[in-house]
Ligand SMILES: NC(=O)C1=CN([C@@H]2O[C@H](COP(=O)(O)OP(=O)(O)OC[C@H]3O[C@@H](n4cnc5c(N)ncnc54)[C@H](OP(=O)(O)O)[C@@H]3O)[C@@H](O)[C@H]2O)[C@@H](O)CC1
Ligand SMILES: [K+]
């Protein structure tokens, strides 16, 4: 599991660990890890220079705190390995003194002038840089860079090579994943001790680029994480395996209430997702012509005209492509007293609070409608709004998007690390709903069902995109069994 903590937790753990270590040890661990990642990047890339640290041009953006100190110490290490290292200081009077002395002793120079960080020499250095190390601001400041730092970030993005952020892309809000003002857009972020929430939750996570973790020994002092992301081993552990005694009922029966005469394909896709999700049996509830289409694709499914007619199930997946005027059907599924996944059109027919274990799967527009806010506001404050809805409906919310977020009414949160822009295609959500519903039927909690389904659905999206640049939902569906088999082997 990738674990992310709040700044207050990091500070407490840091204080406890520092009390046992000689001064400066943690910064040295951080700087060594940061320099190692930069050296690795230089070794692997930049073919026009032949690769390697020797002769590489590195520019440090140095703020007034320890984030800048990390950058200076890492710069000193790279300078000792032959890089040309230039530092741009936002505050000449307050740059980390020992780090600055170390950089100078290693042959690095300061190219900003005290009156303005971005003089001609600094601009020239940025325009030639192979790597820019962003140490303007880490966990110690206010989100939204101040004007001079914002200009630095902008010029670095426009002019320089690869941007490597120290601990966080400067200017994002570490504890929420929000990015309300100017901030750095990094290609790589090297983070220390634990992931910060902003490295998992969008929109800040997107500004972080690829994240590299450096262990500085904080782990034993950290509390439970605030946000998590599954790793492959976690998914393998959580996926249900049929045991020897399993019959179809014990493996879990899922009822699917999806599709309509207007959207018959949604029924086929949701039912297909359900079949690949490991339920022992899938019962489909819907009008005759739609049910016939489902049977034509999936003859193993049992169909019936409505919720009561299909009989007992261990969970319901309702809503995908259901269309308008289906409130009574949704209410009947909710009244069955079993866990429910509610997607798409069903989200409009929810009671004010759910009294069964529930997984709601809106995209940002649907969540905005549920909460009566603007879609842009949901996109800007995804975690905030997902938590708000989880608490209001007493349900786990799976908020789809570039990084899908799953939040329980108790405040547990997971972010999905897999996926592909290819998943933003019609019908892809229907597949996810069926798949996650099947996991609910096999007995997984809404949090586990939602996060495992998002993970596998994301991998199926990646697999489908590797075969066809813009795959259809059917291709994502087709890729599911192979991904599941690979996760189980
Ligand atoms: N925790 C750990 O275990 C370890 C932590 N380590 C490192 O320490 C980092 C935290 O260091 P930190 O506490 O010194 O704060 P930091 O992020 O450098 O920023 C403070 C400076 O930013 C400035 N500033 C503020 N807001 C701003 C804005 N909007 N726009 C522009 N500037 C703004 C503010 O300036 P001021 O307002 O004072 O003028 C202040 O001086 C952490 O992220 C990690 O890299 C590692 O070395 C080892 C282990
Ligand atoms: K930074």
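Numbers here mean position along the shown chain, with the first residue as 1.
Backbone N, Cα and C define each Cβ position, glycine as well.
Automated prediction, rather than curation, is the source of TrEMBL annotations.
Just so it is clear, the model here is predicted, and its values are computed rather than measured.
The (6S)-NADPHX binding site feature in TrEMBL is assigned to 66-70, 138-144, 167, 266, 321, 363, 430. If you look up TrEMBL, you'll see 67, 134, 170 marked as K(+) binding site. For 400, 401, 402, 403, 404, 429, the entry in TrEMBL reads AMP binding site. The feature domain 'YjeF N-terminal' is assigned by TrEMBL to 10-224. Annotation source TrEMBL lists domain 'YjeF C-terminal' at 231-487.
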Listed in sequence order, residues with CB under 8 A of residue 402 (AMP binding site) and six or more positions away: 202, 206, 419, 421
Spatial separation of residue 363 ((6S)-NADPHX binding site) from residue 429 (AMP binding site) - C-alpha basis, Å: 9
Listed in sequence order, residues not in 400, 401, 402, 403, 404, 429 with Cβ within 8 Å of the centre of the AMP site Cβ atoms: 363, 399, 405, 416, 419, 423, 454
Neighbours of residue 363 ((6S)-NADPHX binding site) among the binding-site residues 400, 401, 403, 404 (Cα to Cα, within 10 Å): 400, 401, 404
Euclidean distance between Cα atoms of residue 170 (K(+) binding site) and residue 142 ((6S)-NADPHX binding site), Å: 10
Euclidean distance between Cα atoms of residue 66 ((6S)-NADPHX binding site) and residue 403 (AMP binding site), Å: 30
CB-centroid shell, 8 A cutoff, K(+) site 67, 134, 170, site residues removed: 61, 63, 68, 71, 135, 136, 137, 138, 165, 166, 167, 168, 169, 171, 184
Between residue 67 (K(+) binding site) and residue 404 (AMP binding site), the C-alpha gap once rounded to whole angstrom: 29
Integer mean pLDDT for the domain 'YjeF C-terminal' (231-487): 94
Residue 429 (AMP binding site): secondary structure state under DSSP, collapsed to three categories: helix
Nearest-integer angstrom distance between the alpha carbons (Cα) of residue 66 ((6S)-NADPHX binding site) and residue 401 (AMP binding site): 34
Binding-site residues near residue 170 (K(+) binding site), in sequence order, restricted to 69, 139, 400, 401, 404 and a 10 Å Cα cut-off: 139
Least buried by Cβ count (within 10 Å) of the binding-site residues 66, 167: 66
Cβ under 6 Å from ligand 2: qualifying binding-site residues of 142, 170, 363, 403, 404: 170
Between residue 404 (AMP binding site) and residue 69 ((6S)-NADPHX binding site): CA-CA distance (Å): 34
Nonlocal residues around residue 404 (AMP binding site), in sequence order (Cβ under 8 Å, 6 or more apart): 398, 415, 416, 419, 454, 458
